[in-house]
Every structure is written in C-alpha cells, then in structure tokens.
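These features come from TrEMBL:
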- 122-144: region 'Disordered' (REGION)
- 128-137: compositional bias 'Low complexity' (COMPBIAS)
- 146-219: domain 'Phage shock protein PspC N-terminal' (DOMAIN)
- 173-191: transmembrane segment (TRANSMEM)
- 198-217: transmembrane segment (TRANSMEM)
- 233-290: domain 'Phage shock protein PspC N-terminal' (DOMAIN)
- 260-287: transmembrane segment (TRANSMEM)
- 328-467: domain 'PspC-related transmembrane region' (DOMAIN)
- 352-384: transmembrane segment (TRANSMEM)
- 404-428: transmembrane segment (TRANSMEM)
- 440-461: transmembrane segment (TRANSMEM)
- 512-623: domain 'PspC-related ToastRack' (DOMAIN)
- 623-674: region 'Disordered' (REGION)
- 631-640: compositional bias 'Acidic residues' (COMPBIAS)
- 681-867: domain 'Putative auto-transporter adhesin head GIN' (DOMAIN)
Amino acid sequence: MKKNISINLQGMIFHIEEDGYEVLGRYLAEVKAHFSGYRGHEEIVADIESRIAELFAARLSSLKQVITLEDVEAMTAKMGRVSDFQSADEADEDEEILAEAVASGTAQGTYTGTTGNTSGGYAGGFGRTTAGGSTTTPPADEPGTKRLYRDMAHRKVAGVAAGLGNYFAVNPLWIRLGFLGFFIILPILLDNTRLDDIGGNFAGFAILSYIVLWIVLPKRYDAPTSDDDAVFKKLYRDTDNGKVGGVSAGLAAYFKVDVVLIRILFIVGLFAGGFAFPLYIILWILLPEAKTASDKLRMRGDAVTLSALDNNLRNNPYTAGSEAGAVNNRPVGTFLEDLFVNIRPLLNSLGALIRAVAGGILILMGFSGLLAATIGMGIGLGIISSSDNLDFGPLQPFLIFNDISVWAVLAFFLLTGIPALALLLMGIGLLIRRPVMSRAGWLTLLGLWLLGVVGSSIAGIRVGREFQRESEVTQTTALNGLTRQQLILERRQLNDDKWVDLDLVGIDSAQAPRLERIISAKGSTDSLARRTAATSVSLTVRVLNDSTLSVDDHFTYKTSARFRDQHMQLRLLMPRDRKFRMSETFADWLSEDDFVNEREPYHPEKFVYRMVGNKVECINCTEADLRGGPDSDDENNEDYESGRNDNDDDNDINLSFGSVEPINTDESSYGSERQRFDETDFDHVSVVGGYHVVVRQGSSYSVRAAGDGRALRDIKVERDGREITISPRNRDLFDSRGNNDTDEVLLIIETPELNDLSLVGGTKAEVNGFNSGNLRVQQAGGSQLRFRGDLRELKLELAGGCQAALQGSADNLEISGTGACEVAADDFTARRADVDAIGASKIRVRVTDELKADAVGASLIEYSGKPQNVRREAIGAASIRAVD
C-alpha cells in the first residue's frame, strides 16, 4: 500500500504517489529557480505547469487513476531537465537560489506541502489536498478504443469541430474552415455559374451535417488536448511579429515561409474578387493568439521542452510580461484593439439600452396578444356576451363562436396565447437579465402550444367545410301600400352588422313597385347554403304611408345565426311612370353611374326624379343644378335612348381597355442562333424575363429558343417535378435584359397538356390550341398574354400592370386583377364567372349564366351576355356595368 497525495496543477486535480510527489516537487523547484530571472517568470512557470498537467492527463485511464513515479520520470524525460542546457555559472546560481529556499524551509518553493494518507485530506503546496479513494479526473477511453464526441473543453460553438479534430488527430481549425468553406466560400465561388445549384447543395449539406452531429454526438468536458505530442503543430496568431491581427505572421510560422509572401497573397486576393478580406476576418476570429511561450513553440512546430522554452526566451526580446514587444510592432492592430477597449463602455451602454427597448417591445406585444387571446376565449366560452357593448367592427365575432365547441375555443387560446405569453416572459427576462422560467417550464409551454396547434387544425378543418359551396336566394317584397303617383324614398342609416348596396331598376309602368333582396351565403352543400341565406339575415323595410318608403342600409343577423360569409344586394324596381323624391342620404346610396349622363344634382333632396331605362333622370333640374359637364359624343348612354323608345335595360359604354399586340413568331427575325432543351413530361410552365413565348398544344414535348448573343446563351431551364422554369442565368442590377430589341429571344414550347402557366417580368406570351381541361395563369410585372382556346375552367391572376386578351370559351372563368391590370375577354364566352378588380384595373367579360363581380378603388368591370344571375359589389370609385 502506498500513500497518495492530491495536487492541483493549473486547475486540474491529480492523485500522485508520495515518492513521485517528492521528485515532482524537486523538479518544479529547479524550474522556478532557473526561470526566476526572466521577466514574467510567474507566467512561464504556470505555462510549464499546464504542459505537465497535459502530459499527466494523457497517462490516465479508467484503469489507472494515480500518477506514479514512473509517470513523473517519463514527464521529465519528455520535458527535459534544467541541467540539460544550463551552463556551469547558471547551475551555481540556481543552486544558490535553491539553497536559500531550503534554508528558509521552502525548498520546493510554492510547491512544498505536507503529505497525507488515504484517509485524510489537507491543503498542500500545490494547492493540493490529500485524498484516498478515487480521482476527480474522469476516466479516459479504454486503451485501443477511439470514440467520437463533442469536445466541450475546446469548443467554439458546440464542440463538433473540436471533437472531429481530436478523433482524426488534426487541428480543429481545419475542420472549422471546412464547414465555413462549404457554407460560405463554395456557394460564392460557384455563384452565377452552371454549378450554382451545387454550391447551394453543399451549403445545405454543411448545415444539416453540423446539426445532426450536434444532436447525435455525446458531450465530453474532459477531453485531452490533441497536442499531447511534443512536436504537435498548431496554428496561432503571431501578434509579436504581426502588423494588424497577427494572422499573416501566424500562417508564415505555421507553414515556415516568409511572412511577406503571405501578406502579398492577402493583398492580391483583396483586389482579385475581394475574398481575402472576409477570409482574414474569419481567421482573426477563429485563430487563438499565441500568448504563452508554449503556444509560440507549438506555432512553429517545436517540441515544448525546457530547453526550447529557454532558447525561445533568450532569443525573443518580447518575452512574457515584457512591455517592449508590443510597442510600435503592430501599430494598426494595436490601434484597433485600443479603439475597441475605449469604446467598450459605450457599446455596453448601447447594448443595455437596446436590451431595455427590446424587452419593453416584447412585453407590450406579449401583453397585448395575451389580452386579445383572453378576450377571445371569454367570448367563445360565453363569459363575455354580445350585450356587453363591445365594438368589434362590422363583423361580430359572436357569430363565429356559434359554430365552435368549447374544446376548439380552448385550443385556439393555446395556439395564440402561448406565443404571446412567451414574448411577455422573454421581455421580462431581458429587463431583469435572467431567465424567468426553467427549461422544464418552456418545454411545458411548447407541449401546450403543440396541443393547441393540433386542436385548432381539427377545428379549422371542421369550420372550413362549412364554406365549400356558395348559393344565393332572391326574396321579393311587394310594396302595394305605395299608391301615390309621387313617392318619397328614404334611407335609414345603421352602424351595425353588414352594409348592403342598392340598385334602382326601371320596370313597366303597369307593375307595382317592389323590393328584391339578393342574399348569398356559403355552406357545406348548395342546399344548406341556400337555407342559410334565406333564414340567417333580415333587413327592415317600412312603408310609412301611402307615399313614403324607408329602407335600412345594413342587414342584421338573426338570433343564433351562424356566420357563413353572408352578403345582400337590394334591387328597388320602380315603374317608369312614377315620380319620386329622394332624401339626401338615399341619394348618397346611389353612385353617379345610376344617373342619366352620370350627372347627379348638387342637392338631390330638392328635386323630382323618374326612371328612364335603368337610369335616374332629374325632371326639374337646370344645367346649373347638375354636377359635371354636358354629354360628349363618345359618352353616349344607350339606357337613356332605350328608356325613351322601349324597355331595353342594357347600355353600351365604349372604353379603351388597351391591346395586346401579336407576337412575331418568325424565328429568323430574332437571330441566327438556335438552342434546344431536352425537357419532357411537364404540364406547368413558368417564364421569368422579357422573352417572347409561344405555348401551343402538340403531340410531343419540345422547348426551343431563337435569338442571338448572350441573351440566348444565358437562358436557364430548370425542372421541378412536372414544372419547368425558364429564366435568364444572370439576373442582377448591372445585367438587366431591359427591352432592347438586340436582346429579344423567342421561346417556342409545345406540350400535350398545360395546367399552369406563370409569366413574370415583362414576358409576352401567346397560348393557343388547348381545347379541354383546366388552366391556371399567373401574371406579374407588366407581362402580356394572348390566349385562344376552349376550356372547362380558366383561372387568371394578374398583378402589376399586366394585360390579357382572351378568345374562346369556358364553363367557369375566374379573373383577379390587382394594380392597373387590363383584361379584354369580351370574345371569350363563359357560363359562370367570378371577377375581382382592385386598384384601377379594367376587366371586360362575356357571361351567359352567373356572374359575381367585385370592384375596388377606381376599378371598372364591364360585362355582356345578359347573365341570368348577377351579384356585384363596387366599393369607392369603382364601377360595374352591363354593356352590349
């Protein structure tokens, strides 16, 4: 049995046998005595202690947990002894210093101490305690085994690169540079080349592999350093010989080349693409500074021995702790470091201010969101009722919650309330600078939120089924009580529920006035939608006396009604021989399009009116009473003429919708060069750029291009499933295709079937020959389309100044135009059409059965074909008209 002593070497605890402790103490006393004459000798000795600790740690394992005398002798053999390189005079001086230490009772310097047995513990000269039993150093891997782990002791982010470097016995820096190269450098180098997709794939592979290794590999905090070999070579920043950050000097020492050559390479790289600057910054961040004498030896690949340390200190004037080494040797780097040290208080204050502002914003957002979620839950559970005088705008949310069960309300609360609570807690944490909830608490919130996501999804699917179909009903109210020859029309203004539009329609003089309510609603089936439309809403119409009619301008939901996106349109049918007056509010209900010549009087409540066709004519108005100027030749109103001659309700208004010029399909006019692309099995086509495109039906697949120069060679065709995307390879600010005729390219695409077409960025396209199936067309950025064909369904979506001209027919037609778009489809016959025009768009369609039209913001929708069922809504300065 041997007595063990616990010692502390630079923060690492070792158990050492008593005889080995005595030899180690004498060795360290000699080292301290020899290096005591050097400036900064405390740091030198501490560096040597760290190296000894590394060598000791490498000799421990799960079967060997105590440092023996043999381990100490092996360490001294590897490190060398002071007597191996010191001169006779230095030996005498060291003996004198050591003798003084012996005489004073500190022969081992600060390393002396009393020993102890295995049953006790006490403070020792190594900063040690004696101990028995087991060591505090975690067991190493079994001899002969090699395990991959995350090295947390030498990590920069998660320890993945450090662990890989330890496993493969290479410098972790190269692993880190490899990840950065795949993630940043390779995509930059391959950008705007035919291999640009490969660069993106490499970047994704680097991120994914790092994350997978981060998750899969176990942690290890006691991993030995990979430089336990005496001649291990490591890359550092040499700030002693550096000019800015010591990167170039460190690379020169590592590769044993002249530092001037490295600096020249960085300067050349700076002007040849600029990649050298980010590379230098990355190396400055990643490379550690060679601070200690051991670091400087490893940087050059020299063995870390006492002799090498002594030679390095003798030959280098910039020894540890010396102030001379930093003076004027790297002025730029010193200036930058001093600058950041001086502005650090300002940056800290700025960071505290940003943290406080961000915390306040998060708290405000979280509290507001949590309050809104709580109010919503209260409404859904009936805690807050509709009689509590809460204003929720035109759509009362109580209607929505009539359809939702209690569990769905709770799920919605978890879905919206948990993120709001998380924002609130994060904001509080930023302000108090510590977390306000443990990891278990956050995981609990995450679980509750996922539960809310699942419950809300199920509830949303159930509610969504109730909006699949849409139908409408027409309810007619006879106004037989209005017997006077001159009537008074009044509007009762309300602020609740949903707004309704009103149209005045002239009818035969022999008929009595009546009011039609056209109500639409949605449901899971057409029959349920019609039932909901007929039973869920009401609108009050009052016959006040034999001459006065009062109509509400909002409809209301009945008790226990369920929201199904209900809409109502009123049509007041007035006999043409009846005169009538209007209140000012009733006249405001009408637009100027409802008046003859689109001229409305300034004070409409003062005059008498009659119906002429489907227009309102002021009988006793003078020219001065009417708004606007007199009629011009190009603004004829057929309603006015027809009202005087017959009962035809149609009108004809001539407007210029713009035109889409035909595309020149002569390939020879585009240039002599040709290019063919081998793409097959596609029914989706997407074109980006100012190309001329012809898409036509064929028995086989074909994509070819005609043109000249770079514009033709830069065409890129990509395929994703059954979709092909055609775009210019170089799309940047200084390589724009523009509208130069020399850049024009003709693309001819043939496919047996076309289901989806996308045109972006000034594309001009012609599509013809497709006479069956469904087609969806998306246009953006000023693109133009000419289409000719017969389809079951055509969906057309335009945005940003696009134009389209259609010829042919379809059972169903859907058009959505946003932002000054123009569609001329008067030569395209549709049975049913759904048209939306927003932002000064103009759309003309021909519909025979059903039309739903919505216009917003100075937009215009014109329709012909005399559809049997029309539901229209114009907001603001928008207009919807019937034309021939």
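The first residue you see is number 1, and the count goes up from there.
Including glycine, each Cβ sits where the backbone N, Cα and C put it.
Because TrEMBL annotations are produced automatically, they should be read as predictions rather than curated entries.
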What same-chain residues lie close to the transmembrane segment (352-384): Cβ under 8 Å, and 6 or more beyond its ends?
390, 397-398, 401, 404, 406, 408-410, 412-413, 416-417, 419-431, 433
Give the mean pLDDT for the domain 'Phage shock protein PspC N-terminal' (233-290) on the 0 to 100 scale.
79
Within the domain 'PspC-related ToastRack' (512-623), how many residues are helix, strand or coil going by DSSP?
26 helix, 47 strand, 39 coil
DSSP on the domain 'Phage shock protein PspC N-terminal' (233-290): how many residues come out helix, how many strand, how many coil?
33 helix, 2 strand, 23 coil
